[in-house]
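Remarks on the structure that follows.
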Amino acid sequence: MRLCVLLSLLLLLLQGALPHVTGQPTKSKRPKEPGENKIRPVNKKVKPKASKTKERESVDSSLKSQSILTQVMDKGHFQKLAATLSLAAGQSVELRCKGSNVTWNYPSYLDTFKDSRLSIKQLDRYSQLILANSTAADTGEYSCWLQPCSGNKCRKDETKTGSTYIFFTDKEELFVPAPSYFEIVYLNPDKPAVIPCRVTTPSAKVTLHREFPAEEIETDGTDIIYDAKKGFVFQHPTSDHKGIVYCKAESHGAPQISIKYHLLYVEVPKGPPSASVAVSSGRAGVRDRVRVVCTVLGEPDVDVSFRWQYPGQESERPVNIQNSWRLINRGIGHTTRISKSVLLVEDFEDIDVGNYVCIAQNLQGETAVATKVELK
């Protein structure tokens, strides 16, 4: 009997039905599949390592597009500026530009009228521009750049600049106020012409109108386009565009009218001055009065400067020189600028006999013309 019980216990132990008396209980193990001990891959995307050349290129491109201009917000917070910014007129704005030697650009009239609302300070690490009590007239581009200097020579650092166009919105002033009620715009066939009826609210609907005959001028988006930061742009001006025009703007209220613009077509081609010289008399007697006139026909918006060479110049012979200019209409809607320089000799003497040379100069070059005065 005892032998049977022992045999039964031994059989159960061999089949795993009884626990071990000592140690931890054994866990039931399943057969391992082939390769199960290997580390399973994790579904993790690994970025390929960029080459040093590409790293340098990315660094260089980031430097080129780096903006150093920020806006100071409330409680010392800063905001990077986008290409445009809209603020309500009456607000004050503070801009900062990183760098130890910064140059600013802003609407020119703030300098023209030496506006005390504008202040600029250069500190150790940045330059600060503050515009207090803004108005619609302050609408425009505000930009800055680093100006490193070596001795007396300074240059603009093109890699460290910042720029934004700020709209100071005012429902009572949809157009940026102009300094006068009438403005002349020259239409040159060689370059685009801009009618500068800029708005203070970028969402305003703006149309262009001719005064006579009264009609709206179609803006096709190709030859004539509208840019809220510039105005209407005539890409290829012709003599058909001449006349008096104005702009109309609408934005959640009654439409507003801009100042009037007189479009004048330019017929004189670009180049050095087209000059001529004439004298009151080619032969003058002692104590006569001699008048030499130098005349230049040119583009309406191109300045001309004059200088003279005359016989008594080295002896410091006193002469009277007067310069002037005016616009003339050629009769077919074309406009030309006529510039004159008049040299006057009082009490003609022997020392005044000789050649009178007029040298007219503009940005394209210079032209010299001469005439001779003899003694009777």
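Using N, Cα and C of the backbone, Cβ positions are placed for all residues, glycine too.
Automatic prediction, not curation, is the source of TrEMBL annotations.
Positions annotated as signal peptide by TrEMBL: 1-19. The region 'Disordered' feature in TrEMBL is assigned to 21-62. Look at TrEMBL and you will find 41-51 tagged as compositional bias 'Basic residues'. The feature domain 'Ig-like' is assigned by TrEMBL to 48-144, 255-376.
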For the domain 'Ig-like' (48-144), mean pLDDT (0 to 100): 81
DSSP helix/strand/coil residue counts for the domain 'Ig-like' (255-376): 3 helix, 75 strand, 44 coil
